[in-house]
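Novice: Right, I'll just put the structure down here and ask away after.
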Ligand code: GRF
């Protein structure tokens, strides 16, 4: 299965996928890694010899034209699947439609609890004792697509947001690789539930 991975930050989820591909643990080919800004994730891709591309919002007159440029850059790589791994931008409905059923996102909470960009902070603030990670299909509504896999992660007394997020990310990396491996042989994601 040929994938494009989108990142925005440290890229540790991407690194887990790069390692799994290199070690032959999943039947996946990473066609390219894209980002909305220069970031460590792109460096990790370059280190692994994987093609990268950058589509910055600031290079486009408005968000719609950024979405179209991103859609073109992704489509040009002819992926079977697009993986948002710490990609911190919201794509529009036309982007989702162009790759319907083929976009996966990983989110650091047990959706539908704590959607949005501050899931770890929100879970901690709410005082939950268990949180976790969700791998789901991306649909037009943010963090609302069909759930493909989840893993629970305990909240320890005194956890800071970073400590909790690191514990979540350890589970997230494993779940993302496992889910990509399990769905590598299927077509659209909804067959995978
Ligand atoms: C991940 O926990 C992801 O779910 C969230 O931000 C984190 C990105 O981590 N959106 P990395 O860039 O993969 O290290």
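Just so it is clear, glycine is given a Cβ too, placed from its N, Cα and C backbone atoms.
Keep in mind that TrEMBL annotations are predicted by a computer and have not been checked by a curator.
So TrEMBL lists these for the protein:
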{"type": "DOMAIN", "residues": "1-180", "note": "domain 'Formyl transferase N-terminal'"}
{"type": "BINDING", "residues": "11, 12, 13", "note": "N(1)-(5-phospho-beta-D-ribosyl)glycinamide binding site"}
{"type": "BINDING", "residues": "63, 88, 89, 90, 91, 105", "note": "(6R)-10-formyltetrahydrofolate binding site"}
{"type": "ACT_SITE", "residues": "107", "note": "active site, proton donor"}
{"type": "SITE", "residues": "143", "note": "site 'Raises pKa of active site His'"}
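Describe the structural context of each listed feature in the structure shown, including burial, neighbouring residues and relevant distances.
Specialist: In this structure, residue 11 (N(1)-(5-phospho-beta-D-ribosyl)glycinamide binding site) belongs to neither helix nor strand by DSSP; it is coil. Proximity of residue 11 (N(1)-(5-phospho-beta-D-ribosyl)glycinamide binding site) to non-local residues of its own chain (separation of 6 or more, Cβ distance below 8 Å) is seen for 39, 40, 41, 42, 43, 44, 45, 85, 86, given in sequence order.
A simple way to gauge crowding: the CB of residue 105 ((6R)-10-formyltetrahydrofolate binding site) has 24 other CB atoms within 10 angstroms, across all the protein chains here.
Look at residue 107 (active site, proton donor): DSSP puts it in a strand.
The secondary structure of residue 143 (site 'Raises pKa of active site His'), as reduced to three states from DSSP, is coil rather than helix or strand. When Cβ atoms from all protein chains are considered, those within 10 Å of residue 143 (site 'Raises pKa of active site His') total 19, not counting its own.
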Novice: Could you say which of the recorded positions 63, 89, 107 has its Cβ with the most other Cβ atoms inside 10 Å?
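Specialist: Answer returned by the neighbour count: 107.
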Novice: Would you count the other CB atoms within 10 A of the CB of residue 12 (N(1)-(5-phospho-beta-D-ribosyl)glycinamide binding site), including those on all shown protein chains?
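Specialist: Result for residue 12 (N(1)-(5-phospho-beta-D-ribosyl)glycinamide binding site): 18 neighbouring Cβ atoms inside 10 Å.
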Novice: Output: those binding-site residues from 11, 63, 89, 90 whose CB lies less than 6 Å from an atom of ligand 1, in sequence order; none if no residue fits.
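Specialist: If the test is a Cβ under 6 Å from any atom of ligand 1, the answer is 11.
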Novice: Quick one: pull the CA-CA distance for residue 107 (active site, proton donor) versus residue 143 (site 'Raises pKa of active site His'), whole Å only.
Specialist: 8
Novice: Nearest to residue 91 ((6R)-10-formyltetrahydrofolate binding site) by Cα, among 12, 13, 143 (recorded positions)?
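Specialist: Comparing Cα positions, the closest of these recorded positions turns out to be 143.
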Novice: Whole-number answer please: how many Å between the C-alpha atoms of residue 89 ((6R)-10-formyltetrahydrofolate binding site) and residue 13 (N(1)-(5-phospho-beta-D-ribosyl)glycinamide binding site)?
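Specialist: Taking the Cα atoms only, residue 89 ((6R)-10-formyltetrahydrofolate binding site) lies 16 Å from residue 13 (N(1)-(5-phospho-beta-D-ribosyl)glycinamide binding site).
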